[in-house]
Amino acid sequence: MLSAGIVGLPNVGKSTLFSAITNLQVEIANYPFATIEPNAGIVNVIDERLDKLASLIKPDKVTHTTFRFVDIAGLVKGASKGEGLGNQFLANIREVDLICHVVRCYEDKKIVHVNNQVDPVFDFEIIVNELIQADIEVVNTRIGKIKRKAESGDKQSKEEYQLLAPVLQGLQQNQMVLHLVNEVDLKKLKSLNLLTAKPILVVANVSEADLSNLDHNPHLTQLNQFLKQHNLPHAIPVCALLENELSSLDANGRQDWLKELGLSDYQGLNQLIKTAYDAIGLWSFFTFGKQEVRAWAFKKGWLAPQCAGEIHTDFERGFIKVEVISWNQLYELKSLQEAKKQGLVRLRGQGLRDARWWCVSL
């Protein structure tokens, strides 16, 4: 299962956020390194399309697709050199597919900040710099192994060296690998498992009071300006403390409480989970029947047989054709039989690619 790692400096709200995401009470304390071993949790990816299909079909069971989050203990400056148990933390980050940077965007004198000041840009740069330094070491080591072969004329080593040399130069100028190479070259670098080649999301941990008017949070404004300058998506505003309190409620209870607080439009964790799911390259297709309506995750670019293999390996091996219909057409017509009458149910073969939001009757 693909996963996202939650990283950040100590005491920015990482573990509180993780607790809310998974509704799992992990160790939370107001001091650095309260979390040493990474905690992992599986979350549902809420999809309104699936819920609408379920309301139409009324199955015995509704199953959302899932996604894995990992809470990785707090990094500090010097982690790439092993400071603050940094080697262990960096090793944990290597195991995830997406990095969620949590930065603090609220003032609270009761909660000690590791740098004694609230500066989300500075916090973000510290973490990224540690990841860059770790990548420099990996690339340097690899270049050292292939340079002699490349200079002697070995074609494969020469091509790899020509790819790595500018990457190393860019890293030394504090640029992330993500912004140094195209998608084709990024795949060639996959075996090195470079940290700054992973997709990045930034989570701005704000106070509950800020949620009603985020434009008036100077820390968030500063952070988003910085991210825009560096071709990174805007931060996702989340109040980790509020989310932790809401996590014990069902969807209706959550919405009622937010409405009472005047925060009906607040998406918070749902936005984070959906954005992470998409950023990691995952899409969904749906299966439906009276017993179950279910969402299935698949990687962008997959063909129909690979998607079928998510349901059962036999389906992938024996795949020939499948009847599909788009979810919105099925929902609008309220009936699979009516959709067939109108010729909207299509028979597709092995060449069907990226079956996003297609529905398959089981």
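Glycine residues also receive a Cβ, built from the backbone N, Cα and C atoms like all the rest.
The average pLDDT the prediction assigns to the domain 'OBG-type G' (2-258) is 87. For 2-258, the entry in Swiss-Prot reads domain 'OBG-type G'.
Counted within 10 Å of its Cβ, the other Cβ atoms near SER15 (ATP binding site) come to 26, all protein chains included. Annotation source Swiss-Prot lists ATP binding site at ASN11, VAL12, GLY13, LYS14, SER15, THR16.
Annotation comment: Swiss-Prot describes SER15, THR35 as Mg(2+) binding site. Secondary structure at SER15 (ATP binding site), as computed by DSSP, is helix.
Annotation comment: Swiss-Prot describes 281-347 as domain 'TGS'.
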Binding-site residues compared (ASN11, VAL12, GLY13, LYS14) - the one with the fewest other Cβ atoms within 10 Å: ASN11
